[in-house]
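J.: Pulled these features from Swiss-Prot for this protein:
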- 334-353: compositional bias 'Low complexity' (COMPBIAS)
- 110-187: disulfide bond (DISULFID)
- 2: N-linked glycosylation site (CARBOHYD)
- 15: N-linked glycosylation site (CARBOHYD)
- 200: N-linked glycosylation site (CARBOHYD)
- 322: S-palmitoyl cysteine (LIPID)
- 323: S-palmitoyl cysteine (LIPID)
- 331-353: region 'Disordered' (REGION)
- 1-36: topological domain 'Extracellular' (TOPO_DOM)
- 62-73: topological domain 'Cytoplasmic' (TOPO_DOM)
- 97-110: topological domain 'Extracellular' (TOPO_DOM)
- 134-152: topological domain 'Cytoplasmic' (TOPO_DOM)
- 174-202: topological domain 'Extracellular' (TOPO_DOM)
- 225-252: topological domain 'Cytoplasmic' (TOPO_DOM)
- 275-286: topological domain 'Extracellular' (TOPO_DOM)
- 309-353: topological domain 'Cytoplasmic' (TOPO_DOM)
- 37-61: transmembrane segment (TRANSMEM)
- 74-96: transmembrane segment (TRANSMEM)
- 111-133: transmembrane segment (TRANSMEM)
- 153-173: transmembrane segment (TRANSMEM)
- 203-224: transmembrane segment (TRANSMEM)
- 253-274: transmembrane segment (TRANSMEM)
- 287-308: transmembrane segment (TRANSMEM)
């Protein structure tokens, strides 16, 4: 094995020289230069600095403006809540441990950080599944006269949390475990060892099939059908131009969220799967650290997508920030009006975020 396994940790360095120490008790500066830990701490501080205000603003603006409280937005707000969980439960912990060069908060801190990081990522993924199904049902109309309403949105919220907890909670109760990974200052699922009594192999296979592959297959199926339906509707001119435009804007926004999720999480998932299927192979601490910390940036991309692609949300946000006045009122007004009109013409979910 090209690493050192100990109680609740795996350090990617063979302990031939005797310098490997527990990441819960000693700085891990023998793995990489101390400056790298300072850089990770600064990166986490940046994510907190951006992630908290932008997600809090998303929640506040939606609560403040009644016209944004649509069933579809319940799912989008769910993402903001999950991102805030990641910021407070995960990012603050990782920033603190990076500044010390090891997981100074011990096993409890590792469980907290690993749990919130996994929970946030899974809520994001299953929220995208619910959004994809909603888009498919609204645009493709496999169920005639179906209208996505408040009850459906609440059921969707409950579903995302149930599925996310089904992935994040088992390592807390003995099915697999959370251990420090990479440079040993952030925690994740144990892909690295076959530790006796934890059944890591069965959990990792379960997680990759039920909580990664199947959700992505559902998303790809829904959007494959959706793109075909949009082209057919445009060719047949079955709906008004205003409704079609609103449908396209919502669909484009959600597709961008799916792409952003894949960009953030696919490298981490790929590296984790490689480590799991090549246990004992030689790899450095940075090999897992870079994709793991890159995945954490997912907490800021969803609200940025709302702001960039959703004119109605952007209009409400500017109004809130400018104390009830929008200096770009004339420019934004027409777009907002068209969105409101589209919302009344089509399904209640047509008006995005």
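Just so it is clear, glycine is given a Cβ too, placed from its N, Cα and C backbone atoms.
Surface or core, plus neighbours and distances: that's what I need for these features.
T.: Packing around residue 187 (disulfide bond) is summarised by its Cβ count: 34 other Cβ atoms lie within 10 angstroms of its Cβ, all protein chains included.
Secondary structure at residue 15 (N-linked glycosylation site), as computed by DSSP, is coil. Residues within less than 8 Å, Cβ to Cβ, of residue 15 (N-linked glycosylation site) and separated from it by at least 6 positions along the same chain comprise 4.
Taking Cβ-Cβ distances under 8 Å and a sequence separation of 6 or more, the neighbours of residue 200 (N-linked glycosylation site) in its chain are 176, 177, 190, 191, 193, 194.
Annotation for residue 322 (S-palmitoyl cysteine): no spatial neighbours, criterion Cβ-Cβ under 8 Å with sequence separation of six or more.
In the three-state DSSP classification, residue 323 (S-palmitoyl cysteine) falls within coil. Sequence-distant neighbours of residue 323 (S-palmitoyl cysteine) (same chain, six or more apart, CB under 8 Å from its CB) are absent.
If you average pLDDT over the topological domain 'Cytoplasmic' (62-73) in this model, you get 85.
For the topological domain 'Cytoplasmic' (134-152), the number of residues in each DSSP class (helix H, G, I; strand E, B; coil) is 10 helix, 0 strand, 9 coil.
Remote same-chain partners of the topological domain 'Extracellular' (174-202), defined as residues 6 or more beyond its termini with a Cβ less than 8 Å from a stretch Cβ, comprise 3, 5, 8-12, 23-24, 28, 31-32, 36-37, 40, 94, 97-98, 100-103, 110-111, 113-115, 117-118, 272-273, 275-276, 279, 285-290, 292-293.
Tertiary neighbourhood of the topological domain 'Extracellular' (275-286): same-chain residues 1-3, 12-13, 28, 31-32, 36, 182-184, 191-194, 204, selected by CB-CB distance under 8 Å and a gap of 6+ residues from either end.
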J.: Please determine whether the transmembrane segment (253-274) and the transmembrane segment (153-173) are in contact (criterion: at least three Cβ-Cβ distances under 8 Å, sequence separation 6 or more).
T.: no
J.: Which chain-mates of residue 110 (disulfide bond) that are at least 6 residues away have a CB under 8 A from its CB, listed by sequence?
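T.: Within the chain, residue 110 (disulfide bond) has Cβ neighbours under 8 Å at 8, 24, 103, 178, 179, 180, 187.
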J.: Are there three or more C-beta pairs under 8 angstroms joining the transmembrane segment (37-61) and the transmembrane segment (153-173), sequence spacing 6 or more?
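T.: Touching, no - the transmembrane segment (153-173) and the transmembrane segment (37-61) miss the threshold of 3 or more Cβ pairs under 8 Å.
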J.: So how many of the residues in the topological domain 'Extracellular' (174-202) end up helix, strand or coil by DSSP?
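T.: Helix, strand, coil within the topological domain 'Extracellular' (174-202): 3 helix, 8 strand, 18 coil.
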J.: Between the stretches 111-133, 203-224, 287-308, which wins on the count of C-beta pairs under 8 angstroms to the transmembrane segment (37-61)?
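T.: Answer is 287-308, with the largest number of Cβ pairs below 8 Å.
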J.: Looking only at DSSP and grouping its letters into three states, which state does residue 110 (disulfide bond) belong to?
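T.: Residue 110 (disulfide bond) sits in a helix per DSSP.
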J.: Going through 74-96, 111-133, 287-308 one by one, which has the most CB pairs that fall under 8 Å from the transmembrane segment (203-224)?
T.: 111-133
